[in-house]
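J.: Structure below; questions to follow.
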Amino acid sequence: MLKFVILVCSVACVFGAVVPGGMLPQLDGRIVGGFEADIEDFPWQVSIQRGGYHFCGGSIYSPEIIVTAAHCLEKIDASQLRVRVGGSYWDEEGSLLTVSNFKIHEKYDAMIMWYDVALLKLSSKLTYGATVKNIELAKETPPDNADAVVSGWGTIYENYPYMPVQLRSVDVKIVSREVCRSDEYGYGNAIGPTMICAYAVGKDACQGDSGGPLVVGEALVGVVSWGEGCAYPGFPGVYTDVSVVRSWITENAKSF
């Protein structure tokens, strides 16, 4: 059964995407099967907030630019957004910054979730340190079965009514586009050319971790996008492949 748990009003207000086969974007914030984490281990991770609540994740690309998912920013105004950086907790620590503008990929399609990527421009520049740091963009798609880690904030069990405030992370394995659309898994042709998957039994990013980082080594390889339920057997998490949209990110980060 498809899952979409509305935990706070801000989540309900921002939701607007329709994904392949009725599957839903990961908007309510949970890392399933993971562990509590410290921001010093994920200094590129940010919490994107609206109305005082976390609803999506993101990654620091430069002192002014945050990479996130396009579906996080549908039907929303930049003035409503806040970004917390440098904190292990989405409701405290670090700095809470305003957003001056954002840009959604021109080819983003909410019906099929292709090009699910966007950029936020902060109103003030970040100062890098132990808890605030950018992450490099992957230049190529990682190989099948590569070790990866995904991080974010949110509930730790499906249908769990509370959203923990501390950052969490989970180790997963990369599933290539070809394998993810094969009979081994349940998505078929819903996996498009701008997507990559990651999977581990009982482990996953889920709704609300949207826009957050999938990392291999020291590179951002994916942006949390969509999936079937939370850690459902046979259904990997689906991410925007950063190597595919890398040139769009670098070019647009300079121009707005």
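Backbone N, Cα and C define each Cβ position, glycine as well.
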J.: Scan Cys180, Cys206 and flag the one Swiss-Prot records as disulfide-linked to Cys197.
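T.: In Swiss-Prot, Cys197 forms its recorded disulfide with Cys180.
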J.: So Cys72 is in a disulfide according to Swiss-Prot. Which of these is its partner: Cys13, Cys56?
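T.: According to the record, the bonded cysteine is Cys56.
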J.: Roughly how many Å separate the Cα of Asp116 (active site, charge relay system) from that of Ser210 (active site, charge relay system), to the nearest whole number?
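T.: Just about 10 Å between their Cα atoms.
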J.: Compare the C-alpha of Cys197 (disulfide bond) with the C-alpha of each of the recorded positions Cys56, His71, Cys72, Ser210, and give the closest one.
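T.: Spatially nearest to Cys197 (disulfide bond) by Cα position is Ser210.
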J.: Going by Cα-Cα distance, pick out whichever of the recorded positions Cys56, His71, Cys72 is nearest to Cys180 (disulfide bond).
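T.: So, spelling it out, the nearest of the recorded positions is His71.
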J.: Determine, from DSSP, whether Cys180 (disulfide bond) sits in helix, strand or coil.
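T.: In three-state terms, Cys180 (disulfide bond) counts as helix.
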J.: Can you tell me the three-state DSSP label for Cys56 (disulfide bond)?
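T.: Note: Cys56 (disulfide bond) is in a strand by DSSP.
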J.: In angstrom units, rounded to an integer, how far apart are the Cα atoms of Ser210 (active site, charge relay system) and His71 (active site, charge relay system)?
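T.: With distance taken Cα to Cα, His71 (active site, charge relay system) is 8 Å from Ser210 (active site, charge relay system).
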